[in-house]
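Peer 1: In case it's useful when we look at the structure, here is the feature table from Swiss-Prot:
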REPEAT    28-67  repeat 'WD 1'
MOD_RES   Tyr28  phosphotyrosine
REPEAT    73-112  repeat 'WD 2'
REPEAT    115-154  repeat 'WD 3'
REPEAT    166-205  repeat 'WD 4'
REPEAT    208-247  repeat 'WD 5'
MOD_RES   Lys214  N6-acetyllysine
REPEAT    250-289  repeat 'WD 6'
REPEAT    292-334  repeat 'WD 7'
REPEAT    358-452  repeat 'WD 8'
MOD_RES   Lys578  N6-acetyllysine
REGION    607-628  region 'Disordered'
Amino acid sequence: MAAHHRQNTAGRRKVQVSYVIRDEVEKYNRNGVNALQLDPALNRLFTAGRDSIIRIWSVNQHKQDPYIASMEHHTDWVNDIVLCCNGKTLISASSDTTVKVWNAHKGFCMSTLRTHKDYVKALAYAKDKELVASAGLDRQIFLWDVNTLTALTASNNTVTTSSLSGNKDSIYSLAMNQLGTIIVSGSTEKVLRVWDPRTCAKLMKLKGHTDNVKALLLNRDGTQCLSGSSDGTIRLWSLGQQRCIATYRVHDEGVWALQVNDAFTHVYSGGRDRKIYCTDLRNPDIRVLICEEKAPVLKMELDRSADPPPAIWVATTKSTVNKWILKGIHNFRASGDYDNDCTNPITPLCTQPDQVIKGGASIIQCHILNDKRHILTKDTNNNVAYWDVLKACKVEDLGKVDFEDEIKKRFKMVYVPNWFSVDLKTGMLTITLDESDCFAAWVSAKDAGFSSPDGSDPKLNLGGLLLQALLEYWPRTHVNPMDEEENEVNHVNGEQENRVQKGNGYFQVPPHTPVIFGEAGGRTLFRLLCRDSGGETESMLLNETVPQWVIDITVDKNMPKFNKIPFYLQPHASSGAKTLKKDRLSASDMLQVRKVMEHVYEKIINLDNESQTTSSSNNEKPGEQEKEEDIAVLAEEKIELLCQDQVLDPNMDLRTVKHFIWKSGGDLTLHYRQKST
């Protein structure tokens, strides 16, 4: 009954289908890295990617390949991560509106929390209490007991959460002290709001920043807070005095990331200006430029294996993550070669990172070709690639070639309606199918490069074929299953089921392709790999999630209707023929011009009445076929079809004529005339 109710709910909301074209193993961060967590016990670094993937890396420098594993379940940017339970559990927050709980050692997702209604931007962790807070653009803060979260199972899946309300704007930063007695949020409201998480009581509001508050830190006992803002300043606040006690103007632009040593005496800051400084909180004039990154700094993570910290890991809007050594920082400071005037250029402590976790390229530009099947892309390394949307794969790497030239080179005078949309947000190609236009594009099998067993050239619906391929492994889509009795006999005899038809009969997509069912507007309902839809749990969730418009084509095999195009057919002015009564004709938008020419020849010009009479009295099929072939040949020899006074190619279809030649509102008008001999 519950499943039935949920199916109804899915029916009421508008559900889209998306899939990602990618390699099975995406080893490298394909986009900027939003968050970092270091596990010193296992020498592992966790990176949270804008490509939706959390990756685990070894920070042992003797390892040639630092990649360990990927943690994949999110469908949009992962904005923040925290390691809990001495590194056993990882909590992640994403723009897909979910918070996920992971087994950090084994790398699998244990549960998903769906309380947020918009992007989840920040997490905070109280180590002594195993308490995590999440916050985001929905202005809500939720508190989670980590021990409760890790105990969740398929049957015990109810979790209670406390919430902190009162934020008036989107939250971008969050901090909680280790004892779990104070929580602070920063937002586009430009103020810091402070609560007691034990009672959910609002304690205070701190004013001073003039722009979004992007980074927050609290000391252990929750008496002092550091904030970094897009206004370019770092502020130190006394929560006891409820005021700002120091302002540090270290950066030329917005401050987006902060770290502080355990003693809360030195702050490490980075942001839009790409520079990373260490500032002595007790003597603000003393600040050391540690390094300069190649892109704006998004997050930093101190290596706390010793005191003072020996190194700092830095993530930026680029996909590479760097480790910078802090070894000489005290000598550097003692020498007096520090920055006491941030307008003067100074030499950074480090010019080269000590360790580099190499990133991959991100797709930044794409062009959908006229056939509405292939896409050209350009990435951050200026490499151009050619992709097949229908088969969900890369066809060819073209290298560093001119993008516009490649587009021109592949232009074809053919029009196919739009039937999908493309998103590059994760740095990979995400294709989305929507009920409103998914079935708009029909092509002939021959034009699509597919052959039929019977040699015919059927019309194929691109969106329909793709949906059938994406759900090929879902048993509910399989055709002609044996009845249970036969199935049992077969099972006993060990025979394979050969009668079941899967997929679309023309092509398959790579089995590792991620398929995402989500609400229009972003909330993900279900993500799975194409090959996993045969699993019992996945199959059950698909029953609850797949919308009716997808069921119609994949399960019920109801093909959508052909698109019709209305048009008028008139003699050309140069023919001297009398204008016909203006009858509005209608045909499939894929009808070729040659078929209209045949219609003109046979029904209007009617050049050879005798031949027609003879043929019509002959009912034998060979005669009919000859007649058809004769008319086709004669029509092309004797008839010309024009649109806007341009002679049409017989191979062109009506939708292409309308799009490229008619180019105006109202119904398409075609003119015919006899060729001059």
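First residue shown is number 1, and so on along the chain.
Just so you know, glycine gets a Cβ as well, placed from its N, Cα and C.
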Peer 1: If you count Cβ atoms within 10 Å of each one, which of the modified residues Tyr28, Lys214 comes out on top?
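Peer 2: Most Cβ neighbours within 10 Å: Lys214.
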Peer 1: Same chain only, please: residues at least 6 beyond the ends of the repeat 'WD 5' (208-247) with a C-beta under 8 Å from a C-beta of the stretch. Say none if there are none.
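Peer 2: Counting only partners 6 or more residues beyond its ends, the repeat 'WD 5' (208-247) has Cβ contacts under 8 Å with 172-179, 181-182, 184-188, 190-192, 194, 253-260, 262, 264, 267, 269, 271-272, 279, 281, 284.
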Peer 1: Taking 3+ C-beta pairs under 8 angstroms (sequence gap of 6 or more) as contact, is the repeat 'WD 1' (28-67) in contact with the repeat 'WD 7' (292-334)?
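Peer 2: With 3 or more qualifying Cβ pairs, these stretches touch.
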Peer 1: Taking the repeat 'WD 2' (73-112) as reference, which of 166-205, 292-334, 358-452 has the most Cβ pairs under 8 angstroms?
Peer 2: 358-452
Peer 1: Take the repeat 'WD 4' (166-205) and find every residue of the same chain, 6 or more past its ends, with a Cβ under 8 Å from one of its Cβ atoms.
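Peer 2: Those are 118, 121-129, 131, 133-141, 143, 211-222, 225, 227, 229, 231, 237, 239, 242, in sequence order.
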Peer 1: Just to be sure I understand, if DSSP states are collapsed into helix, strand and coil, how many residues of the repeat 'WD 1' (28-67) fall in each?
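Peer 2: Taking each residue of the repeat 'WD 1' (28-67) in turn, the totals are 0 helix, 20 strand, 20 coil.
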Peer 1: Could you give the Cα-Cα distance between Lys214 (N6-acetyllysine) and the residue listed as 'phosphotyrosine', in whole Å?
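Peer 2: Answer for this pair: 26 Å between alpha carbons.
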Peer 1: Sort the residues of the repeat 'WD 5' (208-247) into helix, strand and coil with DSSP and give the three counts.
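Peer 2: So the repeat 'WD 5' (208-247) is made up of 0 helix, 22 strand, 18 coil.
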